[in-house]
């Protein structure tokens, strides 16, 4: 049985027990399920049946630590719904069980009044910690880091450090990478638990640690964090403030989540869709509309340039209506080739494979590839040109195809670099924008060639 | 100084020392650089200057273990170039230093003759291990897993297990997650090193381990592996054969690499670009051409349907050439909205956010959103219709806009589900395919409405 099938079975059994109110059966089923899977069930209950009381009932069958853990796997909206229906003391105890990063995230979802109420009931150092972590801007290293790391003061021996690890183990997000800090709290070095385990117990940490630590500042963008974690195969990345003081770590699993959501954002941006908060099946309709409409309407107006081009050539068209036959094909083909070129650049820039310095070289490559693509497509379309309008039309269409595909591809390739140069996100060079620009240019190219050739003959 | 800037400085210093032949300076610089960064320098040398001897010289300044490590960070093509210029014994010693997964990857790049030669010079168990790991199909769990994990036989005590960990530490890819196997080698349980460290030394592992281990079979697709690692926040995922025997693990860093390359593949597929082996700036031109041309030419022919539609309505067009003004705008807008809808579904399905079962619900949502989008865009374009061709044309254009955007969005939304149902990859519903289909339908919708309204008046 595959992982997916067994998961489905477990979920169905759980839902059946829940429906029948078999509390005892729930108590045997729940420990077998993983937090991510319970969260999925709760999501479904909230999402498809909109049944908050049942979701809460299920949550309350879980021990407190588990309950907190399940909550962290839920999307923001669902977390908020549940948090809002909890009593202050209930919410406080759940918050206490969470990792410091997830606690700050949930806290940030709450309304100002509730936040003040909760803060007042916390111990002072807890309050300070939470306020600090909750204050980092979304999308930065600070907002995704956790404060639950193992910090070892310089000067300890291996066996002293090992003792520290054991003491911190229950609370730390990871104990497998240790961070050594100096007397001012600055990051001085790092050491893996593996290294610590095989080191002589009496040796001093300072002599063994790696001093040249890869770290990032708290204001660094989260996609940068994910990229560095991936590049250097890190288990966790330490985050420092402007004074090089260690303030948190980002663990590999959080970096992976960031990488996934950044990829989704890039894919959506590639179609001119704004950033969605949550999955497409759950995000409110109004927000989905808003994230799609802006560019669609902007592009309607941009498309008027195509219309203007056509209006300009109205005489040519009226004289030879057969030309319209090839219009969607030519501008469509140019748009497709251009969108491909743009996408290759935007993704290359996002993964770090393509840099500004590669521009010249890539332009040369695109010239060759797009030229060949245009020629191939011209060859494919030429016989149809002959059939529809004779040799002159075929020549016009084939010539237009080569030039439109070549021009479109070069435009698609250069646009991301240009946008980047202007300080914009290169991903703004989306397929809809590129195809719209090529539509307008394609109209001009096609009918200019047609006017020249057909009038000349 | 940011990570990027300091990296650039280090690289420049290294290249300068290399150019000047300052061997001693190289020996002080190299230990300060990380393997991933040295690999990038070598890539640049091979790529921009095509200077294999210099790259080899740099590699030979590194101690053997480091050299093997740097090699694993290089793209396939570069690894192969270097491996081919190495002597058999040189290559063998490098292979021995690699992790078992990377060894198998490099081995698979070599020609058949070279492989046989190398195998003959290996010890028997090494040979068997390598042959087994190299035999798994690309894109499966088997192809990305490593055999260097910590396996603990059932029945050991905590302190005995700890001893095993220490013994295996130098060779294992990770020592932080232990896998407990029974007498037949089947996966019986798992335990984290953290749990082991705080457990009483005399306790038996069997009593402490988690028996319900998340694992995958060796033939599972690699994107599935990446998704499970991300979903359950795993440090490593054990891989078993058909008899549940443990054969390897996939570590979090390899899962993250898979997730990144899968995202890139999906983004490219979204523009009908085939799977590229390597980055866009390095892949051979011929291959880049091939990966783009297939769909482009196919879509040229699909676009003929738009032409056929136009030919069918030639009379209407000839009678009212002003209609052509709005053609690119209408089919372009429908294509943009449809490509958005398709992309939202394809990405949702790839991340597991959208499943087949959500189809009905999503259809209803898309109906509402696309209807609103169509209305908004119709309102935007109506005044221009009045200006260009009077109220009748404005009505035709506005009506066409609503229907084309609605139809296009629903088509774009449904196509990925349909493809999935037919056993195809939903990502085949690329922006170019969707816009081409909508071009043809848009022509029919627009001119049908135009014929009906304008002939009727």
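Each residue, glycine too, has its Cβ placed from N, Cα and C.
As written in TrEMBL, here are the features:
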- A:209-265: domain 'CBS' (DOMAIN)
- A:293-313: transmembrane segment (TRANSMEM)
- A:319-346: transmembrane segment (TRANSMEM)
- A:367-386: transmembrane segment (TRANSMEM)
- A:392-419: transmembrane segment (TRANSMEM)
- A:431-454: transmembrane segment (TRANSMEM)
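By number of Cβ pairs under 8 Å, the transmembrane segment (A:293-313) is matched best by A:431-454 from the list A:319-346, A:367-386, A:392-419, A:431-454. Here the transmembrane segment (A:431-454) touches the transmembrane segment (A:319-346). Their Cβ atoms form 3 or more pairs under 8 Å, with each pair 6 or more residues apart. Using a Cβ-Cβ cut-off under 8 Å and counting only residues 6 or more beyond its ends in the same chain, the transmembrane segment (A:319-346) has close neighbours at 266, 270, 306, 354, 362, 366, 370, 373-374, 377, 381, 385, 388-389, 393, 396-397, 400-401, 404-405, 407-413, 415-417, 426-427, 429-431, 434-435, 437-439, 441-443, 446-447, 450, 454.
Looking only at the domain 'CBS' (A:209-265), the predicted model's pLDDT averages out at 94. For the domain 'CBS' (A:209-265), residue counts in helix, strand and coil come to 24 helix, 16 strand, 17 coil, using DSSP.
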